[in-house]
There are 2 protein chains.
Amino acid sequence: MSDLRTLRVALLGAGSVGSQVARILIEDRAELAARAGITLDLVGVAVRSLDSARDWDIPAELLTTDATALVQRADVVIELIGGIEPARTLILEAVAAGADVVTGNKALIAAHGPELFDAAARVGALISYEAAVAGAIPILRPLRESLAGDKINRILAIVNGSTNFILDRMDRFGDTMEQAQKTAFELGFLEADPTLDVDGYDAAQKAAILARLAFHADVPAEAVYREGIADITAEQIRDAAAAGATIKLLAIAERVTGEHGEGISTRVYPALIPKEHPLASVHGGNNAVFVEAAAAGPLMFYGAGAGGVQTASAVLGDLVSAARRHVAGGPGLTEGATAKLPLIPIGEVSARYQIALRVSDRPGVLAQIAGILAEAGVSVETVVQSAAEADEVSGEHAAMLVIGTHTSREDAVQNTVNALRSHEAVRAVISVLRFEGE
Amino acid sequence: MSDLRTLRVALLGAGSVGSQVARILIEDRAELAARAGITLDLVGVAVRSLDSARDWDIPAELLTTDATALVQRADVVIELIGGIEPARTLILEAVAAGADVVTGNKALIAAHGPELFDAAARVGALISYEAAVAGAIPILRPLRESLAGDKINRILAIVNGSTNFILDRMDRFGDTMEQAQKTAFELGFLEADPTLDVDGYDAAQKAAILARLAFHADVPAEAVYREGIADITAEQIRDAAAAGATIKLLAIAERVTGEHGEGISTRVYPALIPKEHPLASVHGGNNAVFVEAAAAGPLMFYGAGAGGVQTASAVLGDLVSAARRHVAGGPGLTEGATAKLPLIPIGEVSARYQIALRVSDRPGVLAQIAGILAEAGVSVETVVQSAAEADEVSGEHAAMLVIGTHTSREDAVQNTVNALRSHEAVRAVISVLRFEGE
């Protein structure tokens, strides 16, 4: 451990976030020292290659390719490599050496959080990860500390800027999914491989982290029910608008009562949000976390969900907190006791649904479909029928049915949808979407 | 100090917030103990009269009228009496006895913060006051901790629910100021004496607290420039809408460059906010704090700004944090070094303005007025002229002029407005409002 006037900071990774963290540590050194009560001394930056181009030119003498050695001479290690390995091993080595860790690695925290937190707790080290969820938005600390005396009932969160950008383009500019993805890619909102974002894996990792903090329970990312946005069409956006809603990819962590009592439901899917809900106004690549707590009522935290310099703000906030702890002593925040709330399967969760079908346009079809729904206990609230193009093969006339249900259980709706799929009058089940935030 | 398994909590005041704090401490005792790592034992509730009616029936054996004695047997004192005395003396006594303090007392923190913080720092006690600004919304902790590694440039905040309710009624329901105040009073949004809210004193106290945390500088509440909403008319709301804006009472804390260099401007006034700004969608009695930070970019924190149970959430968050500190040891958060940023007078601050005038409707008047503005260096961006009713006394025809300026300095605008007031063609200066959040 260094003397009490300097904190040795090691930075692992110098991508878009890491290079901004290095810049601010160097350019704002005096101000950060005043804020932290101790000088934050950047002792090294571990990179894969010494001569890659970076968003900000890190002084060459700080660069090293030996992350393992760097970790050994730091009081705080900032891990911004991403992915599971070597990040996991390096963090475990840092903690074993008594260093605190700041990371923005959502995949690692979602997959190996308990292992890392246990290792840190054993030696009294601190792992903080505000940057892992919703970029610059302070959300983890408010959940963990400010709301520690309250009971969180539900979190509805827009935590993936790429998919929000795409859906917002479709909603506000009338883009098709293909056009919107192309624009998102060109503007840097979407990676070359968009799977992590578009299929909801990124949001599921964040849902798992949010659920852990909100409900003090371990939630593996694989346990999060997940649907992506790839199949969302301009038509669905229009159907949503007709129902007074807009489509957002939500990460949801909710306290629900399942068949065997209270538990946690975590799920990620494109949902219909009423236009007047605060989340409906979250445009472009922004993120927002809407929290419903028993005493506080509804709260919303809004801001940039990604971006190098924005995310650096969250990393540096964690770093200053860790530094203050070094000055003041004491163990700082721990992850807290883990509650034993069970995970409730998606089938036991209820919502209102919007079901869009293409059906044969002949007498009696609507009655037959209504009958199938009624049999499964799914009660119809609204029906909009419109003409569809004639079938290309048979030339038979078709109609579009957009059905809004009353609140129904997911398993009942899925059974109904399966029955509809095999019904001879149903040409296609176009979409099944849930309402949230009502 | 009690043993490490129980934390003795004293509650001073059992009004709408206090009685909810007592209720949750008693009803959620087990859950709070798990969260805090220690049992939170409510040892007494100091009240003015033992048999007042309360929002929740506090067990009679906990009630006492002797606050001074109660403070002596507590590890944490929750002060929810409000006002300066006896709250100030009781907090000083609590701190002298080694207790931590949680308070929601904005008037006291704004007026005597430094005295209280110094007293606490001398004995290593903690004073937390999340409930003092924006009720349930976690904002002080994010400013102090999450954004500690960033540089805050500006805060625009809706921190007074009463005035937001009134202005929102006028904007969305077409109420007059009188009608809106009447409704606010009937629904409990406005006190019998509305001065503190309507004239902006409450918002000014909160602006001072926000400025302290954002800029690490002492800002007395009296140093906050202040205009209330009493003179806002339905006509101004319409003029704002015509300019694509809505009127909100803002508490502003901003880093600005004045004549002698960088400093802090704090001000409270009804301002024109563009309709598409996130603050424009804050309806009813809600609060929101919009923060612009150098790295994080724009962030917004939104939720209930008042209400007994909502504010209790913030109080209990501070209490659980204080309890964790008791368990873990260490000094917890301190107020941090105070920077020496000077306060910049309002005259040196710049904005765009909307100036509404009633003028004589005769040839040449517009040219004369434009000349007065130009002479003072105030550049006109837009002018809307419309017919006004004829003067009641002279019968002379009048016109309304709504002038939008380019960005101008406050002192130049005030000089201009004074010159306009004494111009023979100007019947009245109806309003001078600033644009914010552009």
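Even glycines carry a Cβ here, placed using N, Cα and C.
Automatic prediction, not curation, is the source of TrEMBL annotations.
Annotated features in TrEMBL:
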type	residues	note
ACT_SITE	A:Lys206	active site, proton donor
BINDING	A:Leu12, A:Gly13, A:Ala14, A:Gly15, A:Ser16, A:Val17, A:Gly18, A:Ser19	NADP(+) binding site
BINDING	A:Glu191	L-homoserine binding site
DOMAIN	A:354-437	domain 'ACT'
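Overlay of TrEMBL feature records on the structure.
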residue	record	contacts (Cβ under 8 Å, 6+ apart)
A:Leu12	NADP(+) binding site	A:Gly18, A:Val45, A:Ala46, A:Ala67, A:Leu70, A:Val71, A:Val77, A:Ile78, A:Glu79, A:Leu80, A:Ile81, A:Ala87, A:Leu90
A:Gly13	NADP(+) binding site	A:Ala46, A:Val47, A:Glu79, A:Leu80, A:Ile81, A:Gly82
A:Ala14	NADP(+) binding site	A:Ala22, A:Val45, A:Val47, A:Ser52, A:Arg54, A:Ile58, A:Leu63, A:Leu80
A:Gly15	NADP(+) binding site	A:Leu80, A:Gly82, A:Gly308
A:Ser16	NADP(+) binding site	A:Asp55, A:Gly307, A:Gly308
A:Val17	NADP(+) binding site	A:Leu80, A:Gly104, A:Ala131, A:Gly308, A:Thr311, A:Ala312, A:Val315
A:Ser19	NADP(+) binding site	A:Arg54, A:Asp55, A:Trp56, A:Ile58, A:Gly308
A:Glu191	L-homoserine binding site	A:Ser162, A:Asp197
A:Lys206	active site, proton donor	A:Lys106, A:Ala110, A:Ala132, A:Val133, A:Ala134, A:Ala157, A:Val159, A:Asn160, A:Ala251
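Summarising the environment of A:Gly18 (NADP(+) binding site), the number of other Cβ atoms within 10 Å of its Cβ, over all protein chains shown, is 29.
According to DSSP, A:Val17 (NADP(+) binding site) is assigned to a helical segment. Per-residue confidence over the domain 'ACT' (A:354-437) averages 90 (mean pLDDT, predicted model).
DSSP assigns the residue listed as 'active site, proton donor' to a helix in the three-state reduction. Counting residues per DSSP class in helix, strand and coil order gives 23 helix, 36 strand, 25 coil for the domain 'ACT' (A:354-437). Listed in chain order, the extra residues whose Cβ falls within 8 Å of the Cβ center of the NADP(+) site residues A:Leu12, A:Gly13, A:Ala14, A:Gly15, A:Ser16, A:Val17, A:Gly18, A:Ser19 are A:Leu11, A:Gln20, A:Val21, A:Ala22, A:Arg54, A:Leu80, A:Ile81, A:Gly308.
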